[in-house]
Amino acid sequence: MNPLYQKHIISINDLSREELELVLDTAAKLKANPQPELLKHKVIASCFFEASTRTRLSFETSMHRLGASVVGFSDSSNTSLGKKGETLADTISVISTYVDAIVMRHPQEGAARLATEFSGGIPILNAGDGANQHPTQTLLDLFTIQETQGQLENLNIAMVGDLKYGRTVHSLAQALAKFNGNRFYFIAPTALAMPQYILDMLDEKGITWSQHASIEEVMGEVDILYMTRVQKERLDPSEYANVKAQFVLRASDLEGARTNMKVLHPLPRIDEIATDVDKTPHAWYFQQAGNGIFARQALLALVLNRELAL
């Protein structure tokens, strides 16, 4: 029996290691062997209460390439919720009577979890709820790491930039902590350091981690360099100018890197990765974004199919 059938996917913590491996294995099979009719006759709602480019287009492309019909909206201001003041609960209650699954993004933390209470058993897939969770980003990150490194264990992973507010690094650390032998290097200004609850979680699992002031300190040791954008609005102007210069990756910084090392980024990048990095064999952020199709296809296929034969 497929353990993800009709399951809500709200947080990466909703998935066990075995379920993560099932999603990644399914993603690899779908990448190697497209299934254009796998979700034929299924109707999926794409409900984006908050603006999105990559996530919405990636999800909707995933739906279409599996043969599903797609309904929904990309701007809630033109819906009854936006124009007439309808509650999220009522909106989800109605939409769930039309479709087989609901993909939703919402600016309010906890909105996706709330939606599960009103969906009548129709699975909710969280495409991002405020600064809280973005589980499908984590799935495509894991898929890319496994694809480039051949494993998800015994890896050295550096995370750089805004580690305090960046939901992608929190979820990725939690997911990778389910696999043995990984070591983390956290590179961030003090004001944007990894939250204590993540560090405590790693300590409880006996996972080694360390904090560093610059990328150069760890370049020769890591398999994955996960860059994030330092958000200007989080720092005072003088501190931002200093931090911005300190956490920029250039091609010249990669000279001592391992040959297998890949640079990842959840995108959009601003100027934290110089464009000269794009031409190096280490740059993998555009392929990473492309892998979102297969990770999301896998999740949709598993949630909607009792038995998945690929």
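Any Cβ shown, glycine's included, is placed from N, Cα and C.
Per Swiss-Prot, carbamoyl phosphate binding site is recorded for Arg54, Thr55, Arg105, His134, Gln137, Leu267, Pro268, and the stated evidence type is sequence analysis. Under the heading L-aspartate binding site, Swiss-Prot lists Lys84, Arg167, Arg229, citing sequence analysis as support.
Geometry remark: Gln137 (carbamoyl phosphate binding site) versus Arg167 (L-aspartate binding site), CA distance 10 Å. DSSP classifies Arg54 (carbamoyl phosphate binding site) as helix under the three-state reduction. Binding of carbamoyl phosphate is attributed in the record to Arg54, Thr55, Arg105, His134, Gln137, Leu267, Pro268, and the widest Cα separation among these residues amounts to 17 Å. Distance noted between the C-alpha atoms of His134 (carbamoyl phosphate binding site) and Arg229 (L-aspartate binding site) is 16 Å. Residues Ser52, Thr53, Ser58, Gly128, Pro266 surround the recorded carbamoyl phosphate site, their Cβ atoms falling within 8 Å of the Cβ centroid of Arg54, Thr55, Arg105, His134, Gln137, Leu267, Pro268, which are themselves excluded. Within 10 Å of the C-beta of His134 (carbamoyl phosphate binding site) there are 25 other C-beta atoms, taking all protein chains into account.
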